[in-house]
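Per Swiss-Prot, the features are:
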- 5-121: domain 'MTTase N-terminal' (DOMAIN)
- Cys14, Cys50, Cys84: [4Fe-4S] cluster 1 binding site (BINDING)
- 142-379: domain 'Radical SAM core' (DOMAIN)
- Cys156, Cys160, Cys163: [4Fe-4S] cluster 2 binding site (BINDING)
- 382-446: domain 'TRAM' (DOMAIN)
Amino acid sequence: MSTPRRYHITTFGCQMNKADSERMAGILEDLGYIWSEEANDADLVLYNTCTIRDNAEQKVYSYLGRQAERKRQQPDLTLIVAGCVAQQEGESLLRRVPELDLVMGPQHANRLADLLAQVEAGSQVVATEEVEIAEDITQPRRDSTITAWVNVIYGCNERCTYCVVPNVRGREQSREPAAIRAEIEQLAAQGYREITLLGQNIDAYGRDLPGSTPEGRHLHTLTDLLYTIHDVPGIERIRFATSHPRYFTERLIRACAELPKVCEYFHIPFQSGDNDVLKAMARGYTVERYLRIVEQIRDIIPDAAISADAIVAFPGETEEQFENTLKLVEQVGFDLVNTAAYSPRPGTPAANAPNQLSEEVKQDRLQRLNHLVAQMAADRSQRYLGRTEEVLIEATNPRNPQQVMGRTRTNRLVFCDGTIAQLEGQLVPVRITETRAFSLTGQILSPVAAGC
């Protein structure tokens, strides 16, 4: 009996990439491969790549160089680059790393088995053409047994001037509601408690599907999808990401308030707190529009948590315009902001814009914004002190094996004493005893805590 071939996947970038990696891992295991913790022990190495920022892209090339050297010594090694760098670079990757066997864009993740068959037949394969994304019936190899990603829409039709995503992930393609519900029902049967609906621009869900209502709305929207999946037995929590302010609606907020399984957490990038910068970014909304969304959320769901993304030092951004971003962060009081200094990406209009800012300015503004974000997050955390929060226990605290960790409905990370063997996958009441900017510590109040 032959020894099973081993595979290793390294994933860079966003939640969409993580979900794609889980699907590709499932395909490989369906083909008989087994997981290897170490890339150097694997017979197949796959890098699922991100090109949103230059440093992530350069890290990929560093990893690839090491595996290319290994393949020269071990010709049977299968070397694959998937994801956004693969889509962006295409055949030029083969010139840069001729040891590669397969270059495949994100739209081809579900076709990995077919593409591998071509590789095994002796071909060096580049799969970056735009295709209809096929439904995948293979079981993903998910990183968690408690929470799961569920892709509902692929691609993006927006044309933000700094962003390469539409170029590498293609046009928007929504999955049918019935297929999404079927996947969630399967997850529930496997014991999953929480699902996160994923889309690069999830508020665009359904606008490419046929049909409209008598009122002129799209027949299928994210709001309608939440109602479609909400009653799946066994699923206790529903989240979604990432929202776009241009398409975010009050109807969606009211649905979230009405549906008890939908968590009180919204991730809505604002990117800049200055209208002129937003216009240069082609974001399609104003600061005032963003603040109205925040106001609506807090009017309808007062305890909701709001997180965001922000970019500093966009080409031509003045000190005054940057300070407008600081003002917005202070005014909203976000629970979390993912921050980044602007990084020019090939093929985007902003990369060729005049007035590119220096690295010194970028790092100064990033540091100042991060300081304010942490301060605001610490202030927001204070409201949890002494409260009892429902926490879904997911794992052992990697820094303290005597503790478990999980998340509140508002997505705050919580640590508490206990053993994962007893608590994994449980929704437990936790009294919060300590707060920090981005995490909480508490004490489990349920009877199960007595055995911890």
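Note: Cβ is positioned from N, Cα and C throughout, glycine not excepted.
Annotated features taken from Swiss-Prot, shown on the structure.
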residue : record                          : contacts (Cβ under 8 Å, 6+ apart)
Cys14   : [4Fe-4S] cluster 1 binding site : Cys50, Ile52
Cys84   : [4Fe-4S] cluster 1 binding site : Gly13, Asn17, Thr49, Cys50, Thr51, Ile52, Gly105, Pro106, Val164, Val165, Val168, Arg169
Cys156  : [4Fe-4S] cluster 2 binding site : Val165, Pro166, Arg169, Arg171, Glu172, Gln200, Asn201, Ala204
Cys160  : [4Fe-4S] cluster 2 binding site : Gln271, Met281, Ala282, Arg283
Cys163  : [4Fe-4S] cluster 2 binding site : Ile52, Arg345, Thr348
Under a three-state reading of DSSP, tell me whether Cys84 ([4Fe-4S] cluster 1 binding site) is helix, strand or coil. helix
Specify all same-chain residues, apart from the site residues Cys156, Cys160, Cys163, whose Cβ lies within 8 angstroms of the center of the Cβ atoms of the [4Fe-4S] cluster 2 site, ordered by sequence. Glu158, Arg159, Tyr162, Val164, Val165, Pro166, Gln200, Asn201
Per DSSP, what is the helix/strand/coil residue tally across the domain 'MTTase N-terminal' (5-121)? 65 helix, 23 strand, 29 coil
Counts of helix, strand and coil residues, the domain 'TRAM' (382-446), according to DSSP: 7 helix, 39 strand, 19 coil
State the three-class DSSP label for Cys160 ([4Fe-4S] cluster 2 binding site), counting H, G and I as helix, E and B as strand, and everything else as coil. coil
Cβ neighbour count (within 10 Å, all chains shown) around Cys50 ([4Fe-4S] cluster 1 binding site): 23
